[in-house]
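**Q** Pasting a structure here, questions to come.
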Amino acid sequence: MEKIIEESKQGGSLILENKPENTKKLFIESYGCAMNFSDSEIVASILSGNGYNTTNVLEEADLVLVNTCSIRDKAEQTIRKRLEKYNAVKRINPKMKVGVLGCMAERLKDKFLEEEKIVDLVVGPDAYKDLPNLLNEVEEGRDAINVILSKDETYGDISPVRLMSNGITALVAITRGCDNMCTFCVVPFTRGRERSREPQSIMAEIQDLWHKGFKEITLLGQNVDSYLWYGGGLKKDFTNASEIQKATAVDFDQLLEMVAVGFPKMRIRFSTSNPQDMHESILHVMAKHSNICKHIHLPVQSGSNRILKEMNRLHTREEYMILIDKIRAIIPNASISQDMIAGFPTETEEDHQDTISLMQYVKYNFGYMYSYSERPGTLAGRKMKDDVSDEIKARRLQEIVDLQQKHAWWRSEDFIGQTVEVLVEKVSKKSTEEFSGRNSQSITVVFPKEHYKIGDFVNVKIKSCTSGTLKGEAVGYSEMN
């Protein structure tokens with residue numbers, strides 16, 4: 001599984017509209033990837049129906065929940081510091097309960113509850129519907145835990161509230177879990193095996209968002225392009241499905257087509273893709289429909305075949321390059337972004353140079369780059385020595401970052417003189433006189449407000465750029481308005 005960590009969103013307290021009949025207060029923070037933020041919306045919806053309104057004031061909360069990430073050691077250390085803060089407040093307000101959700105819950109359940117005694121409940125990603133029962137256990141003075149992984153839970157029957165929402169963009173989860181056993185990743189062990197959500201429940205959720213005025217959705221999954229609905233159950237069991245189930249199964253390109261046709265004025269994104277599942281049929285659907293954004297996040301992790309094999313990635317360097325060529329041929333204006341790990345165990349300078357040369361070949365629009373962080377419970381953590389020094393990791397990572405910066409500038413400059421369609425999402429951070437949004441390629445665009453408003457689709461002529469931002473002037477509304 002690939003996880004995009006948006007640093008600007010980490011740790012925000014999440015708020016939804018209060019119900020007057022609710023008397024208890026929930027403080028919930030989320031860390032990690034978009035799936036964690038989507039899960040927090042599900043949790044808030046469940047607890048809203050069980051007497052809880054949300055608050056962004058920690059000290060007044062009856063219940064504090066933190067949705068956790070285990071992808072890197074830095075993320076876990078951040079969450080541990082937050083737990084220390086919660087417990088400091090709890091010493092002043094002993095009635096306050098503290099719970100851990102998400103990926104750290106399964107991995108560190110015993111440590112949190114029994115050894116360190118810093119939380120009252122621990123709830124895994126597939127057990128959120130059990131929260132009301134677990135809270136009853138806590139109220140009766142018992143620690144509560146449920147980290148059982150499910151074969152079929154997709155939360156398709158839960159209508160998520162939209163936390164920290166701008167009312168314009170929303171996440172729609174379509175798969176859960178992961179069947180790819182990448183040696184560096186904890187996700188298959190913390191989120192379970194892959195299963196997909198029923199298509200009609202997805203369409204119903206998008207319909208609800210459309211009626212509420214949302215303009216853009218992101219179809220979300222650990223491996224979104226391997227979506228496969230055949231009546232329920234794990235994807236790995238599809239081979240045992242009946243002939244009728246196989247004949248009526250819906251895969252990702254079919255779902256993408258359904259959404260694009262069903263909501264022609266809704267902008268559609270998806271994340272995250274795995275190279276081995278990004279089939280030509282998906283690319284043709286993307287090219288066919290103008291409301292499907294022309295951006296593909298396509299993690300590669302390394303440009304070295306030897307390291308890819310050590311990582312148990314299900315593609316080679318050559319297969320990845322062929323896929324890049326297909327994307328360029330079928331969707332010439334597509335942007336492509338990457339995940340890259342520097343300093344994986346046994347990585348040599350030659351392996352690193354293979355990564356550099358792959359980046360030179362693709363010239364990504366942007367990327368998410370990290371030095372290797374050994375994660376307990378992964379195959380790499382158990383079987384491989386973390387033998388690349390921190391100094392070498394840092395140097396290689398910086399070389400990757402510097403090259404990506406160069407390519408991002410080059411790609412951004414290509415937009416100068418073009419007119420691009422932008423969905424206005426918010427006021428610019430740098431100037432209250434400017435709006436900020438993204439174009440189809442997921443590049444941030446900033447332009448003067450004039451008479452436009454948040455939620456408008458605006459055509460913007462690009463005048464200048466930085467490596468990560470396009471700057472221009474509005475020339476009118478787009479056809480999507």
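Even glycines carry a Cβ here, placed using N, Cα and C.
Straight from Swiss-Prot, here's the annotation block:
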type	residues	note
DOMAIN	24-140	domain 'MTTase N-terminal'
BINDING	Cys33, Cys69, Cys103	[4Fe-4S] cluster 1 binding site
DOMAIN	164-411	domain 'Radical SAM core'
BINDING	Cys178, Cys182, Cys185	[4Fe-4S] cluster 2 binding site
DOMAIN	413-476	domain 'TRAM'
**Q** How big is the Cα-to-Cα gap, in Å, between Cys185 ([4Fe-4S] cluster 2 binding site) and Cys33 ([4Fe-4S] cluster 1 binding site)?
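**A** Just about 13 Å between their Cα atoms.
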**Q** Just jot down the residues in the same chain as Cys103 ([4Fe-4S] cluster 1 binding site), at least 6 apart in sequence, with C-beta under 8 A of its C-beta; none if empty.
**A** Gly32, Asn36, Thr68, Cys69, Ser70, Ile71, Pro125, Val186, Val187, Thr190, Arg191
**Q** So, in DSSP terms, is Cys33 ([4Fe-4S] cluster 1 binding site) helix, strand, or coil?
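**A** Cys33 ([4Fe-4S] cluster 1 binding site) sits in a strand per DSSP.
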**Q** Averaged over the domain 'Radical SAM core' (164-411), what pLDDT does the predicted model reach?
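**A** It averages 95.
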**Q** Near the Cβ of Cys69 ([4Fe-4S] cluster 1 binding site), how many other Cβ atoms are there if near means within 10 Å?
**A** 25
**Q** To the nearest Å, how far is the Cα of Cys178 ([4Fe-4S] cluster 2 binding site) from the Cα of Cys33 ([4Fe-4S] cluster 1 binding site)?
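**A** That separation, Cα to Cα, works out to 14 Å.
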